[in-house]
Amino acid sequence: MFYDFVPQSRFLLGTAGYPSPQILQQAAEASKSEIITVSLRREGGQGGAFRELLTQLNKRILPNTAGCHTVKEAVTTAHMARELFNTRWIKLEVIGHADTLQPDPFALVEAARILCADGFQVFPYTTEDLILGEKLLEAGCELLMPWGAPIGSGQGLRNIEGLRSMRSWFKDIPLIIDAGIGSPSQAALAMEMGFDAILLNTAVAKAQDPRRMAQAFAAAIRAGYDARGAGLIERRDMATASTPIFGMAQFSSQEW
């Protein structure tokens, strides 16, 4: 589903901002996630200790270009990550606005085109814009990672109709909700809408109990995925009785 990898878990977990390496390890194990995202800047800042922790976790690593604002920065960071982690995967972020952390669509497409041509398997952090999604696919990406809301905001799925349209438009493309998820119920809703996976970081890292929150998200994501597969009933404007009339007792008016 994700290029050459078919995960059992639909939960991708970020590794930044945890109170301690021990709590990160507990949360990652509790999440049952098979894929964790890692910032090259974090790796560079903590060196061997963090690398040892990643080895202990024994999960597939998805390096990212967090903090990059230009094509050159993103491409350079991606090449460094490939050499360091020995992977073709790269979560491509090219930030266009410092306050909203919204991706720069023009730089994102250009960087994606360069990296795909260089043999990378690109996971692009994007918005729900359909044209931008088309351009990223044309550039060589085989999946898309639309945001639910701005990074770290916890707002959930801020543009539900836009995300529904994206899911409908890209029927056969893996879509991973990336950013803005704040609660397990929001993650479950995204899965019920037909998205393929959820990537989140802050909602677990900043929880009072990250390990327990990771468990909650894992359960919610699984529940949403199963509910979608089981077939959700259609919403109705009016009530529909669930109890059949057949078999009800019949009384004669004379008895009253």
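Note: Cβ is positioned from N, Cα and C throughout, glycine not excepted.
Just one of G152, G162, G224 is listed by Swiss-Prot for the same 1-deoxy-D-xylulose 5-phosphate site as A179, G180, N201, T202, and that one is G152. Rounded to a whole number, the distance between the Cα atoms of K91 (active site, schiff-base intermediate with DXP) and A179 (1-deoxy-D-xylulose 5-phosphate binding site) is 13 Å. The binding-site residues recorded for this entry are G152, G180, N201, T202, and the Cα of N201 lies nearest to that of K91 (active site, schiff-base intermediate with DXP). For G152 (1-deoxy-D-xylulose 5-phosphate binding site), the count of additional Cβ atoms within 10 Å of its Cβ stands at 18 [all protein chains shown]. There are 25 other CB atoms within 10 A of the CB of K91 (active site, schiff-base intermediate with DXP), with all protein chains counted. The record gives G152, A179, G180, N201, T202 for 1-deoxy-D-xylulose 5-phosphate. Within 8 Å of the mean position of their Cβ atoms, the other Cβ atoms in that chain belong to G14, P150, I151, S153, G154, I181, G182, L200, A203.
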